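What Swiss-Prot says about this one:
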BINDING   74-78, 139-147, Asp172  (6S)-NADPHX binding site
BINDING   Asn75, Asp135, Ser175  K(+) binding site
COMPBIAS  1-18  compositional bias 'Basic and acidic residues'
DOMAIN    23-229  domain 'YjeF N-terminal'
REGION    1-21  region 'Disordered'
Amino acid sequence: MADPRRDPAAESKDRPSTERVAAYTADAVRAAEAPLLAEGRPLMRTAARALADIAAAEVRTTPGAVLVLAGAGDNGGDALFAAADLASSAERVDVVLVRDRVHREALDAAVAAGARVVSVSDASAGVADYALVLDGILGIGRLADRRLRGSARALVERLLALAHRPRVLAVDVPSGLDPDDGTADAVILPADVTVTFGALKAGLVRGRGPELSGRVHLVDLGLEPYLRRAHPAVTAAIDVVRETPRAAETDRAQRA
């Protein structure tokens with residue numbers, strides 16, 4: 001019997017197709033983003049809307065509460081803005097701040113929308129009860145050492161120890177995966193789905209990337225004209241779902 005919760009049209013859209021895709025280093029992606037950011041393009045909000053839509057589809061299939069692991073950088077900002085969009089459709093959205101520093105605007109948006117901030121200890125105690133985890137701890141920022149540390153590492157170790165883990169959606173790359181070469185520490189949370197923004201990151205198809213990334217969704221942020229100036233780090237055959245972000249409500253109103 002067909003599952004009444006599943007939309008056949010959406011299911012067809014979300015089915016990955018195998019294609020050869022150019023993958024880029026983190027530096028190349030940042031360079032491609034720079035002109036758009038200089039123009040004032042809201043790339044983070046656009047990425048977060050796409051992330052929230054994909055997370056909402058996951059929750060429709062497997063209903064339950066969502067745990068957002070938010071780091072200090074733009075990756076955490078993406079996750080927190082997505083939490084704001086997701087708060088109206090998920091059963092509950094809990095946010096764990098794994099660093100003292102946080103993207104304040106994104107956190108304020110998430111809390112205003114109904115997400116609640118919980119402690120690492122509370123999240124760890126009830127982690128098996130979540131249906132979905134958004135991994136927004138580390139992204140593609142420049143780091144000399146990408147190993148998870150402190151509360152982030154402890155929480156990931158707790159998740160790894162579960163016999164039945166929640167589904168995991170990685171924000172841009174699984175936290176701790178090197179975005180260029182795909183190397184990773186032993187303590188890393190494998191994703192069921194990775195939502196990557198603007199361009200495929202080389203680390204998703206190199207090293208441990210394929211085993212840790214799950215199904216890859218590639219969100220179009222309009223970087224293609226600028227990526228032509230860069231040489232791909234690698235071109236790989238990969239199962240990928242291409243995503244076009246929905247317009248913000250203000251954008252639609254202006255066009256109308």
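Keep in mind that glycine also has a Cβ here, set from the backbone N, Cα and C atoms.
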Which of the listed binding-site residues (Ile140, Ala144) has the least company, meaning the fewest other Cβ atoms within 10 Å of its Cβ?
Ala144
Residue among binding-site residues Asn75, Asp135, Ser175 with Cα closest to the Cα of Ala144 ((6S)-NADPHX binding site):
Ser175
Taking 8 Å from the centroid of the Cβ atoms of Asn75, Asp135, Ser175 as the cut-off, which other residues in that chain fall inside it around the K(+) site?
Leu69, Gly71, Gly76, Ala79, Gly136, Ile137, Leu138, Gly139, Ala170, Val171, Asp172, Val173, Pro174, Gly176
Are there residues of the same chain, six or more positions away from Asp172 ((6S)-NADPHX binding site), whose CB falls under 8 angstroms from its CB, and which are they?
Asn75, Asp78, Gly139, Ile140, Pro179, Thr194, Val195, Thr196, Phe197, Lys201
Measuring Cα to Cα, how many Å separate Gly76 ((6S)-NADPHX binding site) from Asp135 (K(+) binding site)?
9
In sequence order, what residues of the same chain, 6+ apart, have a Cβ less than 8 Å from the Cβ of Ser175 (K(+) binding site)?
Leu69, Gly71, Asn75, Asp135, Gly136, Ile137, Leu138, Gly139, Leu148, Ala152, Val156, Ile188, Leu189
My understanding is the cutoff is Cβ-Cβ under 8 Å with a sequence separation of 6 or more in the same chain; which residues meet that for Arg146 ((6S)-NADPHX binding site)?
Leu138, Gly176, Leu177, Asp178, Ala184, Asp185
With DSSP assignments reduced to helix, strand and coil, which class does Asp135 (K(+) binding site) get?
strand
